[in-house]
Structure formats: structure tokens, C-alpha cells
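Asker: According to Swiss-Prot:
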- CYS154, CYS157, HIS172, HIS177: Zn(2+) 1 binding site (BINDING)
- CYS368, CYS371, HIS386, HIS391: Zn(2+) 2 binding site (BINDING)
- 96-116: compositional bias 'Low complexity' (COMPBIAS)
- 93-116: region 'Disordered' (REGION)
- 135-184: zinc finger (ZN_FING)
- 349-398: zinc finger (ZN_FING)
Amino acid sequence: MDGHSNTSVILHTYQQQQSQLIPSIIPQTLPDGYGLTTTISQPDFSGTNAFINTNPWNTTTFPTYRDNQYTNEVSVLNYPTVYDDFSKESTAGTLSDPSLHGSNSSSSTSDVGSSVDCSISPEPILMPCVKRGRPTENPCWAYFHRIDDQLVKCRLCTKVVRSACATNMTKHLERHHTDDYQKVTGQLKLFRMNDAGIRSKMHYQVADTPLTPIPVLPNSYVLPKMDPMEAFDASQYYTMQPDSTAINAQPFPQFDQPQTSADSQTWPLTHFWPNGAQNNMMPQLGEPSTSAIGASVIQEIRKLNLDSDQKRLELEMDQNRRLLLAQKADEKGRVVKTTTKPYQKRNRKTEHPVWAFFKRTGDGNAECIICQGVVKSPCSSNFMRHLMRHHSTEYNDVYLKWIEKRNVTHPGIHCTSVPPPISFPNKDNVRTEPIFTVK
């Protein structure tokens with residue numbers, strides 16, 4: 001009987017505390033679907049023996065019960081169980097594989113050697129929303145942890161880096177943590193080399209069969225090893241084809257060049273002198289040439305030809321520009337100084353031939369020499385479009401010069417944002433239409 005009375009007293013005390021605490025935390029009235037308030041009835045636990053015999057404040061799970069019922073901190077905050085401690089020095093001195101730890105730095109537990117003794121205190125952090133579904137494989141993420149989608153925080157100096165990406169984080173390490181930056185770059189190179197090897201094995205099958213030897217061409221000749229000071233006669237080793245324009249071969253001294261082996265080498269006769277200036281400049285070598293001396297001479301001749309073509313184009317551009325300036329000066333009666341150096345935005349020289357028709361202005365724009373029209377954002381593409389719309393003849397000439405120059409400097413590459421020249425009607429040739437009279 002005494003036990004029952006004690007239980008009744010405890011139940012009465014708990015109901016009083018419940019009636020005082022719950023109304024202050026949870027609202028007792030809730031609106032229903034019709035806009036009327038409905039009163040929440042108090043629960044009656046007198047008939048539950050398990051609740052009376054086991055009180056929540058006497059059990060070990062009371063803090064969890066309190067958090068789940070009132071504060072709901074467990075569902076809002078994430079308390080990480082493992083924290084990175086960058087004050088620990090790694091025994092091996094190298095970073096561990098970042099692919100084993102995932103993308104977020106909060107889940108990375110690698111022992112990273114750091115130049116700054118910095119340990120992370122266990123504090124609750126909000127779990128960010130990751131924008132990408134794939135993991136971030138850059139090892140610099142081990143030095144940062146996310147704050148949100150745009151901000152990350154450095155674990156070494158606690159500075160916030162905006163626009164969270166691997167490039168910005170690597171630049172931060174390069175500027176403020178040089179030793180750690182060297183470790184990150186080394187680990188990144190190693191990771192990329194391993195990743196490239198794995199991908200190549202996945203996409204390409206490695207053949208174990210040896211390579212087939214290259215067959216010896218029937219028209220190849222064996223060149224014996226020659227002393228460096230002896231005179232070399234091409235007629236001893238090469239058969240000259242009879243031709244009306246062919247010139248007898250003359251002996252010439254061989255240059256002292258080291259050979260890779262003492263054995264004789266086989267050289268196929270696959271190269272011939274091209275027709276043109278080369279035959280006139282080096283007639284003593286004959287038509288075919290397969291020696292290293294001939295190859296070096298060919299390269300030098302090509303360089304000379306490229307330089308001569310480039311100089312010729314520059315001279316033509318300079319002459320056209322001077323002629324246009326002189327014509328405009330005579331027409332308007334003003335003197336234009338051609339010796340003044342134009343305003344150069346870039347350190348390198350403007351090489352496009354369209355610059356012969358434009359000059360820079362003081363406000364950063366460009367002015368057409370032909371029509372004095374101002375072109376904003378001066379660049380070769382805008383200049384070409386201006387000539388295409390207003391000066392079709394000059395546009396065709398500039399386009400052909402540009403293609404010719406590109407063939408010399410960059411053979412086989414044609415990169416331009418303007419269309420090829422077509423026939424545009426000039427302003428001088430006004431199209432006349434027949435006039436029909438209405439009777």
C-alpha cells in the first residue's frame with residue numbers, strides 16, 4: 001500500500017510538472033482546416049505501468065530524450081566523431097592517397113605534414129550541401145573544410161577562401177603555406193600519373209607481340225664510315241640520273257659529326273631537292289641528297305625563305321600604310337606624322353595586316369583611316385568586319401594577305417572569325433533600277 005501511495009505521489013508530481021512545462025513550449029491550440037482552434041488534450045499515463053515504473057530522468061538516455069523532444073539539436077547539428085589534426089607529422093613524409101578519404105575535408109583522416117602547428121578543436125559544424133555528385137579528387141581539399149557552396153575555411157590559418165574551387169585553394173596554399181603547397185603539387189602529379197596509367201590500361205589493350213621490323217628498301221644504299229678529314233665524292237656512292245639540267249657533282253669536305261655506332265648505316269633515298277630557289281643556290285649538291293649535311297642545308301634555306309617572305313610582307317604593309325596616310329593628308333590639307341609611334345596596348349607587335357587601315361585613339365578605340373569611322377573594342381576581328389561592311393575592296397586585299405601570311409607562319413592552320421572575301425558592291429557603283437512610268 002505504501003508503494004502504491006509513493007507511486008501516486010510521484011505520478012501526481014510529474015503531471016504537475018508536465019502541466020507547467022509543456023504549455024510554455026508547445027502551443028495547446030492548433031487551427032483546423034476550417035479556421036477553428038482545437039484544444040490539445042493532455043495525455044494520461046496513469047494506466048501505463050511501464051511509464052510509471054521507468055521514469056525518463058532516471059535512465060541513461062534522458063539527454064537524448066530531452067534533445068529529441070525539445071531542442072532537436074541532434075537533427076540540426078552534426079557532431080563529427082573524427083577530427084583532422086594537422087599538428088601531427090607523418091612518418092613517411094608524404095601525403096596519403098586522397099581518393100581513399102573522399103571529397104569533403106571533414107571526412108578526411110590522412111596524416112598531412114604541415115608547416116604550421118594547428119589542431120582543430122571539436123566544435124559542431126553545419127553539414128553543407130555538396131553541389132556535385134562526384135568526389136573531389138584534388139589533395140588540396142585536405143587543408144580546407146566547406147562552410148557553404150561558395151566558401152571554404154583553411155585549416156592552417158583559418159582564413160576564408162571565396163569561390164571554393166581547387167584553383168583558388170591551391171593559390172592560397174602557394175601564397176601563405178609554401179611547404180604544404182609543394183606537398184600538394186607533388187601528390188597531385190603522382191595521382192594524375194597513376195590515374196592516366198589506369199585509364200590507358202582500361203581503354204587500350206597492351207600488345208605483347210614485338211614490333212615488326214621495317215623492311216629494307218631496294219633503292220637504299222649502305223654508307224660506310226668515313227674519316228672526318230677526307231673529301232667526300234658523291235659520285236662514288238650515288239648514281240646520278242642523266243638529265244639535261246643536271247650539274248656534275250663536285251666533291252666537298254665533310255663536316256665533323258659524331259656517329260652513333262661504328263656500323264654502317266642504311267639511308268633510303270626518299271628526299272629530293274624541290275624546284276625553285278634551292279636548285280639555284282646549291283647547284284653543287286646535285287638533285288638527290290640524303291646526308292645529314294643536305295638536311296641541315298635544307299633547314300637553313302627554309303629559314304631564309306621564311307624570313308624573306310615575312311620581310312617582304314612587312315615592307316608591303318608599311319608602303320600601303322604610308323600611301324594611304326599621304327593621300328588623306330593631301331585631301332584634307334593636314335600633315336600626318338608617320339614617325340609617331342601609335343598607342344600599343346599589348347607588349348607584342350600587332351601583326352595583322354588590317355592594322356594598316358586603322359590607328360588607335362586616345363580613348364582606347366580605333367579610327368579608320370579611310371572613312372574616319374570609330375571602331376570600339378579595337379581588335380583585328382572588329383576591323384575586318386568594318387572593312388567587310390564598308391570597304392569591300394580593302395577587305396579582300398587584307399584577307400588574302402592574312403591567309404598568305406598564315407600559310408607561312410602557321411602552315412595548315414586557318415583560324416579566323418571573319419568569312420572569306422566575296423563580291424561586295426562598292427558605294428561608288430550605285431545600282432540603278434529601271435523606272436516604270438504609270439500611265
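Including glycine, each Cβ sits where the backbone N, Cα and C put it.
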Asker: Using the recorded Zn(2+) 2 site (CYS368, CYS371, HIS386, HIS391) as reference, state which further residues of the same chain have their Cβ within 8 Å of the centre of those residues' Cβ atoms, listed in sequence order.
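Answerer: For the Zn(2+) 2 site the neighbour list reads PHE357, ILE369, ILE370, GLY373, VAL375, LEU387, HIS390, GLU394.
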Asker: I need the CA-to-CA distance for CYS368 (Zn(2+) 2 binding site) versus CYS157 (Zn(2+) 1 binding site), whole Å please.
Answerer: 55
Asker: Rank aside, I only need the closest one: which of the binding-site residues CYS371, HIS386, HIS391 has its C-alpha nearest to that of HIS172 (Zn(2+) 1 binding site)?
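Answerer: Answer for the nearest of the binding-site residues: HIS386.
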Asker: Within 10 angstroms of the C-beta of CYS371 (Zn(2+) 2 binding site), what count of other C-beta atoms is obtained when all protein chains are considered?
Answerer: 11
Asker: When the pLDDT values for the zinc finger (135-184) are averaged, what is the result?
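Answerer: Here the mean pLDDT over the zinc finger (135-184) amounts to 87.
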Asker: Out of CYS371, HIS386, HIS391, which of these binding-site residues is nearest CYS154 (Zn(2+) 1 binding site) by C-alpha distance?
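Answerer: So, spelling it out, the nearest of the binding-site residues is HIS386.
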Asker: Which of these binding-site residues has the least crowded Cβ, counting other Cβ atoms within 10 Å: CYS154, CYS157, CYS368?
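Answerer: Result for the binding-site residues CYS154, CYS157, CYS368: minimum number of other Cβ atoms within 10 Å at CYS157.
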Asker: Taking only the binding-site residues CYS371, HIS386, HIS391, which one has a CA atom nearest to the CA atom of CYS157 (Zn(2+) 1 binding site)?
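Answerer: Spatially nearest to CYS157 (Zn(2+) 1 binding site) by Cα position is HIS386.
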Asker: So how many other Cβ atoms are close to HIS391 (Zn(2+) 2 binding site), meaning within 10 Å of its Cβ?
Answerer: 20
